[in-house]
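*Asks:* Here it is, the structure in full.
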Amino acid sequence: GSLLLAVHFYSIPRAAPVIPSTALGVLLLILSSLLAYAGIRRSQRDASLFLSLCLTISVFWCGYGVVFILEGQGVLNDTGDFRNALVPGLVTFTLALLIVAVVGFLSREVILALIASSVSLASAHEVAMHYSTSFGSSAVACNYMIVCLVGGYFALGRIVYFLSKEKIALPGTDLAKNKAHEQLQPTSGSVNHFAVFGVILNLLSASVFGCRLLGVTSKLFIGQVPWLWAAGVYQIGVCVLSYRAMDVLMATFFGFTSILKFAGGYCLLYPVWQTEEPSFPTPFLVVFSILFAVLALFLTLKSLADGLYLLFYVAYCIALACRPKGFFEGGPQGVDVAIFVASALMALIHLYNVKAGTKIPIGQGVVKALLAHSSFLKLREGADLHTPYLGYSKYADAEVLGYACSVLASFAITVTGDPQAPLATVVIPWVVVAGGILKFLGGSVAFARGKTLESSAFILYAVMWIIWGLGRYGGLYGTTRSFHTAVGIIAFMLFNGFIVFCTLFLNITWFFYSLTFLLIAVSFLLDAVGALPVGYDIAATVIFGLVSFYCFLSALCSSVFEGSCLPMGRPLVQLSGVGGGMTKCLHLPARKASSVKRIADILKSGGTCGIPTDTVYVLVAACNRPDAVEKAHRSKRQAQERPMSLWISSLKQLEPAKHLFSPLLWDFMEAAWPSPISLVVPRGAWVDFLGMKDSAKYVGTPQSIAIRIPDCSVTTHLIDLVGPIVVTSANPTGEADTTHHNQVYAKLGDKVDAVLCDGPSPENIASTVVDCTKIDSGNIGFFRVGIIPKSQVKLIL
């Protein structure tokens, strides 16, 4: 990328550039996507610095490339247009990359710091070049050549390192030392390394409007839209990645700020087809400021500095609400300058604190310490903070953002659009981006966390907001009212009616949330057929907005505090067997050894658990806990024809009783296990060697017991920790086998103490059960043919 730009700037004095502007823009866009991939898919080495450098240069070249394409296509025709388009972005990345370079030098990451400082100096020289003819383009090209040389040196160092089989490492290219240094840094919980880049994106949008106020640029126009929309797109990406980092509050904040960036770009695009500037709906911006204020209040629990930083956005929304022309007026632009300064400080502090041993104090934990003495409010903490009730998830809960988007979209459409100039009021960004795109994001994350009903509702409502927002406020049907539109809305209402019915079994708040959206859909329908009563649409949207606001507060409280400060309520209809998965029994990811240890502790203390195996999920209890075995027996309503079986982890556990088994049976057990084959053997004195005590009466039949060593490392490790376990299938007798931890919740969620979650089971069929009671006569029978066929069992025999 730097080589391309170096060639471009060296060739500027020539009559014809070596690389045409459009071609250069397209190449920069391709390189920016590769850089974004490199930043996101980075190794854990220098996570924050390397990530911040890659993503910052990626968004820089993305906006930069689009501006070059606009120039190449003749969009930036007037004198000074190219300068007005480029300068806000160049100013931002001069400062942002300087911050990365400073922290890089302080952290002794010389290669990384040299690249950041060179691109920063190149941007600064380019700004000077646009304002003074005495600055030539060669200075910019020289800085980009430094990047090329440093990058080439680093590549050479890595090639030599690999060719010499890790014996020769050029200075600054040995990643092993850096990795060791990283591991020495103390880490407290999960750190959101993407937050710094999200704050840098706020710098970019603030720069566009701040430069206009300070006179750096002479006008706001279409040439600056690439910076705003690039920042908006990347900020939605940061929102998703923050959910991956289990940071609900910052993810919600970045979702909110991305809406403002898309709205700013829309306002600069509007004069392309209309001469006047668009106006802003006041109610929406007042509500937006309230949401920012509530989020700031909760974010102070994390750190005072972050909470105070959000107050700038509260002021920004109030400034926009006070001025009818919004982004084009001096008040909001003044707040943009303040946001620019605050964002630069926050980026520097956060980036430095991640790398440095001595931290800059940001008030982290101050409010938390005050709340520690409160008996009413207790903060949620620990490893299970973001664990979903349906097992392991890579994402934190996005319901907070989903509900907030409902509030924003509903209050945005309280404005009655002018049919003659439907785009004159800025409504489309609030409805389409907030109500549509971000709500769709919330639905996708909810689905990833196992919340099927909630995700279906969010995605359905997102589609509805996008279609209606574009239809009504995009002027797609103008003054006419369409029967076809009405038919489509009726179809949506039928789907929503099904969701309303399902929420009867979820909770009372969700019932009202889906029911009040039905009022909105009725308002859309009446408007489509031209029969909308005066004031009905405003009443419906206000009611839905208030219900959504309660849901927003409730989701925020439940993500931060223990207990139910603002409860969602109980289901309106409770049926037997429905909603078993809502019981908050412990759920632990099977991939963690610590989870297996916790399950072992629960079993030792007399609990029952659902666990994954080499076939389907099973319900288990410790052999030496008769109370737990009896509980498992009762919870299954076990039938006599399907008795409980016994599992061990190794034949060594039966070694003391080897003399009680026939040599043929012992050899058969050695040959058959570990595998999905259960062997039914005669009951005898060997049972006492396993310490079953009073549990024995619940296991097997009076004549025989089924015994097995599973071919699953998680299960055998658990048995090593607990001892022999009693096993039964994790489903009520007579039902299909349980092949996912979600099904364990649905069927037995209120009857087990914990579930070890491992997603879909490796097989959909249970084990093969072989009758070995007459094996000494050379005969075996089959009670059940499962995953292992008869022929294979006979071959083993």
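A Cβ is built for glycine as well, from the same backbone N, Cα and C atoms used for every other residue.
Quick paste of what TrEMBL says about this protein:
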- 18-37: transmembrane segment (TRANSMEM)
- 49-70: transmembrane segment (TRANSMEM)
- 82-103: transmembrane segment (TRANSMEM)
- 110-132: transmembrane segment (TRANSMEM)
- 144-163: transmembrane segment (TRANSMEM)
- 194-215: transmembrane segment (TRANSMEM)
- 253-273: transmembrane segment (TRANSMEM)
- 279-301: transmembrane segment (TRANSMEM)
- 308-328: transmembrane segment (TRANSMEM)
- 453-471: transmembrane segment (TRANSMEM)
- 483-506: transmembrane segment (TRANSMEM)
- 538-561: transmembrane segment (TRANSMEM)
- 593-788: domain 'YrdC-like' (DOMAIN)
*Asks:* Where else in the chain does the transmembrane segment (110-132) make close Cβ contacts, counting only residues six or more beyond its ends and a cut-off under 8 Å?
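*Replies:* Same-chain residues near the transmembrane segment (110-132) but 6 or more away: 2, 5, 9, 46, 49-50, 53, 57, 60, 83, 86-87, 90-91, 93-98, 100-104, 139-140, 143-144, 146-147, 150-151, 153-154, 172-173.
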*Asks:* May I ask for the residues of the chain that lie six or more residues beyond the transmembrane segment (279-301) and have a Cβ under 8 Å from a Cβ within it?
*Replies:* 249-250, 252-253, 256, 307-308, 310-311, 313-314, 317-318, 320-321, 323-326, 363, 367-368, 371, 379, 404, 407-408, 411-412, 414-415, 424-427, 430, 545, 552-553, 556, 560
*Asks:* Under an 8 Å Cβ to Cβ limit, what residues of the same chain, 6 or more beyond the ends of the transmembrane segment (49-70), are close to it?
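*Replies:* For the transmembrane segment (49-70), the sequence-distant neighbours (Cβ-Cβ under 8 Å, at least 6 residues beyond its ends) are 1, 21-22, 24-29, 31-33, 35-36, 38-40, 42, 76, 82, 85-86, 89, 93, 96-97, 100, 103-104, 107, 109, 112, 115-116, 119, 123, 193-194, 196-197, 200-201, 204, 222-223, 226-227, 230-231, 234, 351, 354-355.
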*Asks:* Please give the sequence-distant neighbours of the transmembrane segment (483-506): residues at least 6 beyond its ends with Cβ less than 8 Å from one of its Cβ atoms.
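*Replies:* Distal contacts: 453-454, 456-457, 460, 463-464, 467, 471, 477, 513-515, 517-518, 521-522, 524-525, 528-529, 571-575, 578-579.
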*Asks:* Mind checking which residues reach the transmembrane segment (538-561)? Cβ under 8 Å, same chain, six or more beyond either end.
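*Replies:* Sequence-distant neighbours of the transmembrane segment (538-561): 248-249, 287, 291, 294-295, 298, 301, 377-380, 396-397, 399-400, 403-404, 406-407, 410-411, 413-414, 509-510, 512-513, 516-517, 519-520, 522-523, 567-568.
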*Asks:* Below 8 angstroms Cβ to Cβ, which residues of this chain, lying six or more residues outside the transmembrane segment (194-215), approach it?
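*Replies:* Same-chain contacts beyond the flanks: 48, 51-52, 55-56, 59, 63, 87-89, 91-93, 95-96, 224, 227-228, 230-232, 234-235, 238-239, 241-242, 245, 247, 250, 253-254, 257, 260-261, 264, 327, 330, 332-334, 336-337, 339-340, 343-344, 346-347, 350-351, 354.
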